[in-house]
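Asks: From Swiss-Prot, here are the annotated features:
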type: COMPBIAS; residues: 361-401; note: compositional bias 'Low complexity'
type: CARBOHYD; residues: ASN21; note: N-linked glycosylation site
type: CARBOHYD; residues: ASN56; note: N-linked glycosylation site
type: CARBOHYD; residues: ASN82; note: N-linked glycosylation site
type: CARBOHYD; residues: ASN196; note: N-linked glycosylation site
type: CARBOHYD; residues: ASN209; note: N-linked glycosylation site
type: CARBOHYD; residues: ASN227; note: N-linked glycosylation site
type: CARBOHYD; residues: ASN234; note: N-linked glycosylation site
type: CARBOHYD; residues: ASN241; note: N-linked glycosylation site
type: CARBOHYD; residues: ASN267; note: N-linked glycosylation site
type: CARBOHYD; residues: ASN279; note: N-linked glycosylation site
type: CARBOHYD; residues: ASN304; note: N-linked glycosylation site
type: CARBOHYD; residues: ASN389; note: N-linked glycosylation site
type: LIPID; residues: GLY406; note: GPI-anchor amidated glycine
type: MOD_RES; residues: SER339; note: phosphoserine
type: REGION; residues: 361-410; note: region 'Disordered'
type: SIGNAL; residues: 1-19; note: signal peptide
Amino acid sequence: MQFKNALTATAILSASALAANSTTSIPSSCSIGTSATATAQADLDKISGCSTIVGNLTITGDLGSAALASIQEIDGSLTIFNSSSLSSFSADSIKKITGDLNMQELIILTSASFGSLQEVDSINMVTLPAISTFSTDLQNANNIIVSDTTLESVEGFSTLKKVNVFNINNNRYLNSFQSSLESVSDSLQFSSNGDNTTLAFDNLVWANNITLRDVNSISFGSLQTVNASLGFINNTLPSLNLTQLSKVGQSLSIVSNDELSKAAFSNLTTVGGGFIIANNTQLKVIDGFNKVQTVGGAIEVTGNFSTLDLSSLKSVRGGANFDSSSSNFSCNALKKLQSNGAIQGDSFVCKNGATSTSVKLSSTSTESSKSSATSSASSSGDASNAQANVSASASSSSSSSKKSKGAAPELVPATSFMGVVAAVGVALL
């Protein structure tokens, strides 16, 4: 018998429950002990008479297809992994899994159906290179991780209102997603998915961390607050419109978005950590941050911009580096800001294509020259492939090779000019 001993106990419990109550056709609960493993459909059939199973169920081995019938709740986790012959799986009666739903290393699995599933703690879908269909009726989940799959859609998560972690990475055929999420208490990450990925999070009001890479279009129509860090790195976005956003609690990073020509953050007043705009080659006019008043770390703006409007800026707790290759850019307004004591860090640098001003704020020396006296935070936009942080038990593998594939590291707020340089360097590694 291929099912572990726990299944024998389950069958006995089921028979006993039926004998004790002849009016009940399905026992309310069947215990499989701490855990049990099924390697054949016959093993799963042994618990088909249960509406609830208690314990962790693992499905593995040489199954061509598999199904869990009648079971409505798993008081534990369901893991399906390392089956080279499993092509389809269905459990359309399950409404609730109190633990995790793990699907990993299923190389020919094309479909997984959980049509009634509304509640689960976490879903981890990792290394599913053939899957095209995944369905749920999901309403509540804490963590969602989808990595290294061939899914074209993740609509099975489209009705979720809140999560802790939402991490979608290295899914080369995934080109669009429209979400109903209203809050993300830990992190929202999209990276290394299909070409021209389009995302819409128009109901999202609050998030702790957001990092987007390799995205072509994004909509945040209602986003008001990011409690920690917000990063847009190596995207093909033509524009960024976050006109409802008023506060970023830690760092704000807009780095190496080669097609970005407009950034509108018209209600943003506070950046609690480092503020970085770097290497966005088409961003010639930076006028969407004109209401920013305070920056709690250092500020770094580098590129080919002719206009930079920071007209409301009153305080920068760290250093400041402004470096434009355009000779049309004027440092006058920024030099006035520095002379009024608004820059509180250890240095102030402002350069355009013709002149340079560098001030060490810890001393009284001022240097002006026509040559570049201070190195900028410029770097190439190419980043190495990297695995996303999917979970302690499952690591993603990259399934695509286009520019800068990999999840962004969390950017630590800089408190000095050199801190900003280090933060940009980390982002581009």
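Keep in mind that glycine also has a Cβ here, set from the backbone N, Cα and C atoms.
Computed from a predicted structure; not experimentally measured.
Help me picture where these features are in the structure shown.
Replies: Counting only same-chain residues six or more apart in sequence, the Cβ atoms lying under 8 angstroms from the Cβ of ASN56 (N-linked glycosylation site) belong to ILE32, THR34, SER35, ALA36, GLY76, SER77, LEU78, THR79, GLY99. In this structure, ASN56 (N-linked glycosylation site) is part of a beta strand by DSSP.
In the three-state DSSP assignment, the secondary structure recorded for ASN82 (N-linked glycosylation site) is coil.
ASN196 (N-linked glycosylation site) carries neither a helix nor a strand DSSP state and counts as coil.
In this view, ASN227 (N-linked glycosylation site) is surrounded by 16 other Cβ atoms within 10 Å of its Cβ, with every protein chain counted.
A simple way to gauge crowding: the CB of ASN234 (N-linked glycosylation site) has 26 other CB atoms within 10 angstroms, across all the protein chains here.
DSSP assigns ASN241 (N-linked glycosylation site) to a strand. Note: ASN241 (N-linked glycosylation site) has non-local neighbours SER219, PHE220, LYS262, ALA264, i.e. same-chain residues 6+ apart with C-beta under 8 A of its own C-beta.
Within the same chain, residues at least 6 positions away in sequence whose Cβ sits under 8 Å from that of ASN267 (N-linked glycosylation site) are THR243, GLN244, LEU245, SER246, LYS291. Under the DSSP three-state reduction, ASN267 (N-linked glycosylation site) is assigned to coil, being neither helix nor strand.
Over all protein chains present, the Cβ of ASN279 (N-linked glycosylation site) has 24 other Cβ atoms lying within 10 Å. Secondary structure from DSSP puts ASN279 (N-linked glycosylation site) in coil.
Under DSSP, ASN304 (N-linked glycosylation site) is assigned to coil, being neither helix nor strand in the three-state scheme. Counting only same-chain residues six or more apart in sequence, the Cβ atoms lying under 8 angstroms from the Cβ of ASN304 (N-linked glycosylation site) belong to THR281, LEU283, LYS284, SER324, SER325, SER326.
According to DSSP, SER339 (phosphoserine) is assigned to a helical segment.
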Asks: If you count other Cβ atoms within 10 Å of each one's Cβ, which of the recorded positions ASN82, ASN196, ASN209, SER339 has the most?
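Replies: That would be ASN209, with the highest Cβ count within 10 Å.
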Asks: In angstrom units, rounded to an integer, how far apart are the Cα atoms of ASN196 (N-linked glycosylation site) and ASN227 (N-linked glycosylation site)?
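Replies: One finds 28 Å between the Cα atoms of these residues.
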Asks: Work through the recorded positions one by one (ASN82, ASN209, ASN234, ASN279, SER339) and name whichever has its CA nearest to the CA of ASN227 (N-linked glycosylation site).
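Replies: With Cα distances computed to ASN227 (N-linked glycosylation site), the winner among ASN82, ASN209, ASN234, ASN279, SER339 is ASN209.
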